[in-house]
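Structure first, commentary second.
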Amino acid sequence: ILKLQSPVPNTGDSGRGSVSALQESGNESKENGAGGKTAQPVRFGWVTGVMVRCMLNIWGVILFLRLSWITSQAGILLTWLIILMSVLVTSITALSVSAISTNGRVSSGGAYFMISRTLGPELGGPIGVVFSFANALACALNTVGFSETVRDLLIEYDSQIVDSINDVRIIGSITVTVLLLISLAGMEWESKTQILFFLVLMVSFINYFVGTLIPATPQKQSIGVFGYRSEIFLENLFPDWRGPEGDFFRMFAIFFPSAIGILAGANISGDLKEPEIAIPRGTLMAIFWTTVSYLAISSTVGACVLRDASGNMNDSLPLNFTEACEGLSCGLGWNFTECQQSGTCSFGLSNSFQVLIQVSGFGPLIYAGIFAATLSSALAFLVSAPKVFQCLCKDNIYPYIGFFAKGYGKNNEPLRAYLLCYIIAMCFILIAELNVIAPLISNFFLCSYALINFSCFHASITNSPGWRPSFRYFSPWTGLFGAVISVVLMFLLTWWAALIAFGLIIFLFGYVVYKKHCQLTTALCSNSCSIQNFKVHIFTRWFRLIRPQCLVLTGPPTLRPALVDFVGSFTKNVSLMICGDILMSVSQRNSNEMIKWLNQRKVRSFYTSFKASDLREGARHLLQASGLGKMKPNILVMGFKMNWQEIYLFGLSDAFDSNHGVCVLRMMDGLDIRDELETEGMLCSSVCVCLVPSLNSFSNAFIKNTVNDQIKTVFQSKQGKKTIDVYWISDDGGLTLLVPYLLTRRKRWRRSKVRVFIIGEQQTMENDRKEMKTLLQRFRLDVHDVIVMTDSERPPLAKNMRRFEEMLAPFRLNEGQLDERTAQQQRTEFPWKVTDKEMDALRLKVSSEKKVRLNEIIRRNSKYAALVLVSLPVPQADCPSSLYMSWLDTLSCGLHCPVLLIRGNQQNVMTFYCQ
């Protein structure tokens, strides 16, 4: 009989200590190196850090110089449809970004960080390169837009520097250099500059809306501006397609780049105070207010301005005119028929890009708004690109880019990456013709949106254990829809640019994952070796910490279907499961039959058998030999043996010694289905049933007869609204909390509510409950209720204590009834028996009473639970093995639902951070 020892440090059974212990483990990274006062980096809230930044990025040149023209072409109704379609794509992406940003703490790196930590480096690496490059090009585009506006003003006042092309190059070079200096001054100065731009834009908007209310002068009327008129609104309500660009999708393609700024806040996630709060709130608020502004401007300009006007004061009509006049302008006192018919009208919505300037109360303020919109967007992209690229470089996914990972100052500013982005932007500014490259930028951003949405869908649909976003307004199907619609729009806007974008993504993706494997076996070996070396890389932290990889001692899986179904419920498509079969009385087992049965049961598991002389030897070797590299079990799962009094439950100390977690599943009717099969007449009379606990003693004939019989277990049924009760007595690294979370992600358990029971005192009950709820929220675990057990220190009922003593009586060594020589001989021959001295020891006696009392509490609170999880006590070196087994029997007895005794290996399986 096995003598259990304690390889795991004793954490005690006090629930009060477990909360603080887990909090300390979660805060380790925050407290490392906190040795005195250091310069604190500048951090921004959701308003200045995200909302204002996103709004400035969304508002751009298109708002001031193209929205009125789009309204004239598509009409107010279709323009609203274009706006709302664009907002649909960006809103879905914002929901995905919000979900990712609340899936733990987000570090710097923005969209790249989110994608790489969710889908891994294969997709994160390519999108990091593409997204950084697209941001650099967007900086150049906005700078050129600003430069062209300044050039047009110089031409208007006859003040050209050289010529139209070189003026753009000169102005653009000076502008991007000034923006670089602002960025190098630090995020604090950059944020103040953005606030200034935001205020200028607010003034320009107010100036525009005030201008729509001012009665139009004859000069304004000559260019088609009449103020609010119902007839003008009705005329502009419907489309009037003109020219080769006159179609819906072309208008959509022109408008959509104005909506690509939604990731401006997420891209500086490392500079936000609370990114998990700031990114969802700021991004969604920015989308809402910019959408309102787009809808308001398109409808008001459509209600105030005609599509065509000549600008000639002589086209006004006298009171009693007799000349021919057609169109809406005739009723407004103007005759624009001639220019309409000849197509020479220079003003109006369809002919002038300066309509907002013309409508406004003071035109120069609109120019100021254009400058603020272009410069703020250029500055935001100039800051975003280096931040994302720095995070990419730190991960060392691609060679020769680690030079740009270095940061400077208290904010870890990527000065080298700033210079790289500046050089790229300068190169494209010097070309001064970006019309060919512009479609690529829209496609790259759409490609980013597609990958962000797909990453959320992938993490949700695969039930990834690390995917626990606290943002509740996300659905995996909206993520999939956002990914599909983004890809469709890429090809609808510019198909050749979409092909280039996908070609670049595939090339970068191939560089990361393609190792020229000729055969699947070679690929498996290579990847397994790679996993073995994944010790320090950032992407393996998620894999290594939170994936339960289970070795399940099932014997033949066909004879313990409930144990197989239970473990499969939280490992399917998520992590490793191995069904271990220890062969003692048979020489071999047909593994193909076992795998066939597992496949028919839709359980994703490996099957392995091991021939051994006894159970403990087989279990020890399976623990050591199962798995490959890092794909090794970290949890030993076994069934509770109802006849432990005869054959002791093996393997617990070996599991603890080898740093494995342990799960012991107990069901009221047991896990062995031999009796059920006998009742149903499934056993042949020729089959000899051996009543030793090991299932391996069954003949292969019997195993073969049960392969095609699928016995339905409780774990294959929907659990409804029953509860999953977790009695968290001591901290084990979080495994006790992780397993019920994984179960509730399954369809059969989805409606079940998780309740957590902790030990506390009456005086501090509310504080303990609040503290535990806060901790669970930080881990993004959806727990229905936290209950503090304040009566656990009471003595148990006498009848329950008598039952415990009667169960232990056969294993007592009654030394008082034996002579000293016989007693010494018994102690030597039966070291697992409980001596009088050991039983009278105060510590063991108190521990036994606590176990009996805890069972009373469990039976009282969990009568109707679907599953009960109880912290498995750690066996101490001086605790007799039979006494320890009596504790396990006592803890789990008297319950009609399955009971899981569970203990982690003290390694943290949950984290506050996005991994």
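All residue numbers here begin at 1 and follow the chain in the order shown.
Placed from the backbone N, Cα and C atoms, the Cβ positions cover glycine too.
Note: TrEMBL annotation is automatic and uncurated.
The feature region 'Disordered' is assigned by TrEMBL to 1-37. Here TrEMBL flags 44-65, 77-100, 123-147, 168-189, 195-214, 248-266, 286-306, 365-385, 417-437, 481-514 as transmembrane segment. TrEMBL lists 49-518 with the feature domain 'Amino acid permease/ SLC12A'. The annotation domain 'SLC12A transporter C-terminal' is assigned in TrEMBL to 560-680, 708-914.
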Under 8 Å between C-beta atoms and at least six residues away from its ends: which parts of the chain pack against the transmembrane segment (44-65)? 142, 145, 149, 187, 191, 194-195, 197-198, 201, 254-255, 257-266, 268, 271-274, 277-279, 281-283, 285-287, 289-290, 293-294, 297, 353-354, 356-357, 366, 369-370, 372-374, 376-377, 380-381
When pLDDT is averaged across the domain 'Amino acid permease/ SLC12A' (49-518), the result is 82
Check the transmembrane segment (365-385) against the transmembrane segment (77-100) for contact, please; criterion is three or more CB pairs under 8 Å, pairs 6 or more apart in sequence. no
Other than its close neighbours in sequence, what residues sit by the transmembrane segment (248-266), given a CB gap under 8 Å and a spacing of at least six beyond its ends? 46, 49-51, 53-60, 62-63, 66-67, 70, 73-74, 78-79, 82-83, 85-87, 89-90, 93-94, 97, 101, 106, 110-111, 114, 138, 239, 272, 275, 278-279, 282-283, 286-287, 294, 377, 380, 384, 438-439, 441-442, 445, 448, 489, 492-494
Go through the chain and flag residues at least 6 beyond the ends of the transmembrane segment (77-100) whose CB is under 8 A from any CB in it; none is fine as an answer. 67, 70-71, 106, 111, 114-115, 118, 237-239, 248, 251-252, 255-256, 258-260, 262-263, 266, 279-280, 283-284, 287, 291, 294-295, 298-299, 302, 446, 449, 452-453, 455-456, 469, 471, 473-474, 478-479, 481-482, 485-486, 489, 914
Per the Cβ under 8 Å criterion, with at least 6 residues separating them from its ends, the transmembrane segment (168-189) contacts 42, 44, 139-140, 143-144, 146-148, 150-151, 161-162, 268, 271, 375, 378-379, 382-383, 386, 409, 411, 413, 415, 418-419, 422, 425-426, 429-430, 432
For a three-state summary based on DSSP, what are the helix, strand and coil counts in the domain 'SLC12A transporter C-terminal' (560-680)? 44 helix, 26 strand, 51 coil
